Amino acid sequence: MLPTSSPQIHRNGSLSERDAARHTAGAKRYKYLRRLLHFRQMDFEFAVWQMLYLFTSPQKVYRNFHYRKQTKDQWARDDPAFLVLLSIWLCVSTVGFGLVLDMGFVETLTLLLWVVFIDCIGVGLLISTLMWFVTNKYLMKHPNRDYDVEWGYAFDVHLNAFYPLLVILHFLQLFFINHVVVISSDWFLGYFVGNTMWLIAIGYYVYITFLGYSALPFLKNTVVLLYPFALLGLLYVLSISLGWNFTKGLCWFYKHRVQ
């Protein structure tokens, strides 16, 4: 979607006072939160397109972030449609976990509140803030006030990376819970299937996070964001060798937190 107007730029390259005020973090945050109350203004079709391409070609998703920067002078999303759809996915999959684990209504509701407000929002805010600090502090090519990683963009990168992880671990894995956790939890096939799904899910998270920050032209050495793959591979080999079952641990954790 093309904007109806573009920011006015002075000859010295700075925004006019009116446009600068409009592009402050507070103004962007207010506009984003306001649109949460107006579903008709959200582009859900485009959000679905992004969700599909996060699995098949995540680079295309970040090309759109480049386009938004050129047309709207911000890297972060200004449309909360993606967040709304992600929240729906999270709620539906959590209810599915409650059903598969034979939880009652109150237990499922408690699990849903934990997953939404702690696992998704709380952990998401923590990771986004950490990445925002690290990238601005250590990965800037030329630190200055004109170029910085927006906190909203760091949060968007987290949401992008979190979505495939959510689908794999909270949706697709539901179809294997009985075999991975109940029937074959201590068998090689059980923890091999479960741990492989964890490997793929976390691998997606690391890779999409790397793509998000490598898309910013003013950052350097973003390849360091791929280093967790080494630890991930080591943990996977150890888990298979020692018979650790991550999915069984997740189910135990979910049941324990609602008791």
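The count begins at 1 with the first shown residue.
Glycine residues also receive a Cβ, built from the backbone N, Cα and C atoms like all the rest.
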Is Thr110 annotated in Swiss-Prot on the same side of the membrane as Phe246?
-> yes
Tell me the residue counts in helix, strand and coil for the topological domain 'Lumenal' (102-110), as DSSP assigns them.
-> 6 helix, 0 strand, 3 coil
Ranking 111-131, 163-183, 199-219, 223-243 by Cβ pairs under 8 Å to the transmembrane segment (81-101), which is first?
-> 163-183
Spatial neighbours of the transmembrane segment (111-131) not adjacent in sequence (6+ beyond its ends, CB under 8 Å) are 87, 90-91, 94-95, 97-98, 103, 149, 151, 154-155, 157-159, 162, 209, 213, 254, 257-258
